[in-house]
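Asker: Take a look at the following structure, please.
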Amino acid sequence: MSYKKLLFVCMGNSCGSPMAEAIMQNLMVKTSLYWEIDSAALRTWNIGRKPHKQCLRVLREHGLRSDHFCRLLTVHDFSYFDHIIAMNEHVHKELMLWANGNHVQNTSNVVMLGSYTKNGKSVSLIDLSPSRKLKAFRIAYYQIKDCCKQLILSQHVKIVRYDLPSTDEEDEQNLDTMLRSGSPESDKSLSEIMPDLVKRYPSRTSVSTVSSVHNCLEKKLCDNCGQQFLATL
């Protein structure tokens, strides 16, 4: 699975970009992608501070959090990250000027988040700032999330969905099904992925059994199924 490094950038790194960072990190967990996600600022206003309280509040409303501390964009970021993602057109222009002023040779990886849409037409995301009302942050959350989903799809990666049992009874049923259907070649790394089953059924669960359960629950989705799965997140 391809490994990507993404950096979201806004002016102060306290509202839009840390929100995008938290949203994308959550999507990474749900799609079993292991990309490096970060965010940064073009200005020094908030360096070392946590994201703005409105940003954190909206993230909490959706069960998310941010441990990010605002930091400044560096010249090294242009060569390190696969994509430097501007939160809006104004930030994109500033990024290009910043890169030119700091003699950055390659800026082909600088893109706008609003360019990742279902119909291919760029959208203008709400320009968040501490002066914005909570409603604007809530609307921006959904705008950012939709664009992040399309960004994932644009990379043509295989999305993995895990259908984990929701109850102890379902755990038992899945284990029984796997035991009856036989076990594939064992894979020791899988015992680390599903330690809960090993602990729950120590007398009936071997490495090969864990492998069987894992293969049942893990589903690599085709492109169409991946789009449908992302749409539900």
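Glycine is treated like the rest: Cβ placed from N, Cα and C.
I grabbed these lines from TrEMBL:
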type	residues	note
ACT_SITE	Cys10	active site, nucleophile
ACT_SITE	Asp127	active site, proton donor
DOMAIN	4-154	domain 'Phosphotyrosine protein phosphatase I'
Asker: At the level of the C-alpha atoms, what whole-angstrom distance separates Asp127 (active site, proton donor) and Cys10 (active site, nucleophile)?
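Answerer: Just about 9 Å between their Cα atoms.
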Asker: What is the number of other Cβ atoms found within 10 Å of the Cβ of Asp127 (active site, proton donor)?
Answerer: 17
Asker: Sorted by position, what residues of the same chain at least six away from the residue listed as 'active site, nucleophile' have a C-beta under 8 A from it?
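Answerer: Looking at Cβ-Cβ distances below 8 Å from the residue listed as 'active site, nucleophile', excluding near sequence neighbours, one finds Gly16, Ser17, Ser39, Ala41, Leu42, Ala86, Met87, Asn88, Val91, Leu128.
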